[in-house]
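Scroll down for the structure; my scribbles are underneath it.
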């Protein structure tokens, strides 16, 4: 074999089977179709999630701030937590191509439920009569309401969000691995580049959604905004069907989830397994080559794959607190931004115009969700720079850090983001305690905000964007490349599932701190958060992230030492993709 040089195994992989120009063009066209579908699906997803807190907190449904934040975190968490189900269905029964197509069809049906709650007749049909409870200023008098009202239309909203989450999670877990399958024969270097451009594409979809859909939702109409998300999903579905003839599709090879669970049971409860073997001795004493052949992986392959899974899981589990921090940008960061001064898009609109509704700074407001653009723009700029400049430069000098080292660096930037958010919240509450608030019209509702500009939130969004480059993209690469080939969909599903666990843990923490005497207990604010101590919540998240980052560094170091050992490198059973 020729020497690989700085490129490691990449050049032999590319040189071992030369590709005809037609095959390269097919791979490029298939990958491009997958990237376009991913961009449209992410546009729809951000169209639902970016302004979800604002929608639930608006005059249509009247949820209070913590209730809306919890719903957003539950939706985001479920959209990742359910990913293993989609991966298991693809591996066991459907295959990745069919799983993606059916998931997009479910996505299309489920995304139609939110527009139905956005207009009066649809809301009445799904939810009954929604009581009026307009937003009001913070109240510190004993006569104020002692508790927040129950969220209106909660069963229909949560049902729609969970169906959307199921569809989105299945698309995410299968489309990622399916796209990597299209370029797998071109070598591992091509797979790494695909993951870079996949992340770039989904952020292009996010830009489209934030610039257009978020503006329409906040300033014009939620019904029109959510209808656009339905159109994005429909377009993605038809593009995927149209491109099916050029895709590399693989039939389902069977899921090893049952085998993995059985092996885990054997390791955890060997005494129960021994009793079962005594009750059913037939076949138990036979050697492997004496048993009748069974379809699917052999028991030896199951054991080897289980050993790989045991090594990978601790690495991915210690990334959970990072996801707790990451998902704040679509929940509590949004809630914080609604209570900072948001400028008008057209600042010269006269105060006595027909658009003025009695609140300071009326007119078309900068959509609060546009702050997510700071995160997205960082990704759009840094991914091409990393792919074309930084990675090749570090590779030539043999300084390219491993995926695990990049993930540790990403956790540090996530810690910095939530720490900055806590500092800004402390400053915002100083103005609130001095009764220096301004009222501002956002959509049809009035919020009472500190006179601090919303642009002060940009650093925390930028830091989250940088953390994505170093934590999420290498995390995807790690999950795909380290998984046994027969378990790639399942491992990708587990990776996304643990992301959802982080979001749900963040939601549970918000719920816990929203109990009486908790830091986020502020029922007297009537939709505002000016009696809450959200700064303490941010600092608690920062502490959790810092502690688990140290644990991650230790676990990652052990993993890399084991992976570099001669015994691990000579093991032929890993069969990575």
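Backbone N, Cα and C define each Cβ position, glycine as well.
Unlike curated entries, TrEMBL annotations are predicted automatically.
Residues annotated as transmembrane segment in TrEMBL: 67-90 (among others).
The transmembrane segment annotation in TrEMBL covers 97-116 (among others).
Residues 31, 34-36, 38-47, 50-51, 54-55, 176, 179, 224-226, 228-229, 232, 367, 369-370, 372-373, 376-377, 379-380, 383-384, 386-387, 468, 472-473, 476 of the same chain sit 6 or more residues outside the transmembrane segment (196-217) yet have a Cβ under 8 Å from a Cβ within it. Annotation source TrEMBL lists transmembrane segment at 196-217 (among others).
Sequence-distant contacts of the transmembrane segment (223-248) (same chain, at least 6 residues past either end, Cβ-Cβ under 8 Å): 26, 29-30, 33, 36-37, 40-41, 43-44, 47-48, 51, 97, 100-101, 104-105, 107-108, 111-112, 114-115, 118-119, 178, 181-182, 205, 209, 212-214, 216-217. For 223-248 (among others), the entry in TrEMBL reads transmembrane segment.
TrEMBL lists 308-326 (among others) with the feature transmembrane segment.
Under the heading transmembrane segment, TrEMBL lists 369-386 (among others). Sequence-distant contacts of the transmembrane segment (369-386) (same chain, at least 6 residues past either end, Cβ-Cβ under 8 Å): 46, 50-51, 54, 196-197, 199-200, 203-204, 206-207, 210-211, 214-215, 217-218, 329-330, 333-334, 337, 454, 457-458, 461-462, 464-466, 468-469, 473.
Beyond the transmembrane segment (407-424), the same-chain residues lying 6 or more positions past its ends with a Cβ under 8 Å from any Cβ of the stretch are 319, 321-322, 325-326, 328-329, 332-333, 336, 401, 452, 456-457, 459-461, 463-464, 466-472, 474-475, 478, 535-536, 538-539, 541-542, 545-546, 548-549, 552-553, 556. The transmembrane segment annotation in TrEMBL covers 407-424 (among others).
Here the transmembrane segment (492-516) has long-range neighbours at 66, 69-70, 73-74, 76-88, 169, 172-174, 176-177, 313, 316-317, 319-324, 326-328, 331-332, 475-476, 479-480, 483, 537, 540-541, meaning same-chain residues at least 6 beyond its ends whose C-beta is under 8 angstroms from one of its own. What TrEMBL records for 492-516 (among others) is transmembrane segment.
Annotation source TrEMBL lists transmembrane segment at 536-556 (among others).
Against the transmembrane segment (536-556), stretch 308-326 shows more Cβ pairs under 8 Å than any other of 67-90, 97-116, 308-326.
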